[in-house]
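Trainee: This structure is in structure tokens; I'll ask about it shortly.
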Amino acid sequence: MRNIFKRNQEPIVAPATTTATMPLAPAAPADNSTESTGTGESQEDMFAKLKDKFFNEINKIPLPPWALIAMAVVAGLLLLTCCFCICKKCCCKKKKNKKEKGKGMKNAMNMKDMKGGQDDDDAETGLTEGEGEGEEEKEPENLGKLQFSLDYDFQANQLTVGVLQAAELPALDMGGTSDPYVKVFLLPDKKKKYETKVHRKTLNPAFNETFTFKVPYQELGGKTLVMAIYDFDRFSKHDIIGEVKVPMNTVDLGQPIEEWRDLQGGEKEEPEKLGDICTSLRYVPTAGKLTVCILEAKNLKKMDVGGLSDPYVKIHLMQNGKRLKKKKTTVKKKTLNPYFNESFSFEIPFEQIQKVQVVVTVLDYDKLGKNEAIGKIFVGSNATGTELRHWSDMLANPRRPIAQWHSLKPEEEVDALLGKNK
């Protein structure tokens, strides 16, 4: 480009060289100034040519302008994403190094503690390792206390247990109170259990109830008296508040005893599995007719020596604790899974249906001795759990049989509930 430009400027320089008298020195500045101007113009021309060439090449691409813009935006986003990933990776490395450094310091401190050394923080606060552990230990929970009495009649071989009162019980209900009652039994035999009445909404109940156990004095030393306080809940399992255990071999029964003892945390009782029974209920309001169908039972408790039972079912219609009518099924021999499918009807006017209970008891038939109860349930408006739901479903679906499985409960437990509902 510079050669072309010089060639174009030759006519200007030529006249100066033709004059013999003109000195050659002044011509140099003119040539330099002209040369610098030419260089500036050539750079602008080059940029313009490159620009035109670039746009010409773009125009040759068979894509609309918006597509090219979109491609440029995508390329920019990819570039930004790459930059972000690189920055994040660098930051993560720094954090990881700090974390490893801190972990190493922590391990070093732990090793120091194991060697019996004190770290700087403990030294500043004046705390020793033993003092720190003492602060972490929780204080024993206060579960309240129970007052009871013991009296043994040597002539009658009879132990009388008095459940007098409890105090400072913890609140287990939403209202800040509890509904306590006491279960009394002698270990290792859990079959014979007594229960006090439920005292509503109190943390300091006065029971003042007595219970007797027929036990020879020679056998009494191997037994443990348990008095467990529970919080009654109508719609769920009763929660244990605490218990008092009295090993009878540690008590001098030569004279009556009366004392207070602190309640200890009690273990949740594993309920004895007695089996399940399936019943169907049907009520026709217009006819005032209740039909109870005993369908079947399963997994019944073994009552006979051979590991089986001879089960049958009794049905009692009750009102206010009184038995109005009773029915019973046939006996099924040597089985723990009997199938009955027997129906029984009771005449109950609609205005009385909410005042009655149907008590279902599964018994083991014994030809020689007394028939023993395996388990029991009752349904009615004052029942709880699945029994109450079964009764409610029956009333909500008149003329329609409603079947439901129920877990059998100990006879004493059901009788206690029926007694409270009088």
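Cβ atoms are placed via backbone N, Cα and C, with glycine included.
Got these off Swiss-Prot a minute ago, pasting:
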REGION    16-43  region 'Disordered'
COMPBIAS  16-30  compositional bias 'Low complexity'
COMPBIAS  31-41  compositional bias 'Polar residues'
REGION    102-141  region 'Disordered'
MOD_RES   T125  phosphothreonine
MOD_RES   T128  phosphothreonine
DOMAIN    142-261  domain 'C2 1'
MOD_RES   T202  phosphothreonine
DOMAIN    273-406  domain 'C2 2'
MOD_RES   T386  phosphothreonine
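A description of the local structural setting of each listed feature is requested, covering burial, neighbours and distances.
Mentor: Here the domain 'C2 1' (142-261) is broken down by DSSP into helix, strand and coil counts: 7 helix, 65 strand, 48 coil.
Counting only same-chain residues six or more apart in sequence, the Cβ atoms lying under 8 angstroms from the Cβ of T202 (phosphothreonine) belong to T177, S178, P180.
Taken residue by residue, the domain 'C2 2' (273-406) breaks down under DSSP into 18 helix, 67 strand, 49 coil.
A simple way to gauge crowding: the CB of T386 (phosphothreonine) has 14 other CB atoms within 10 angstroms, across all the protein chains here.
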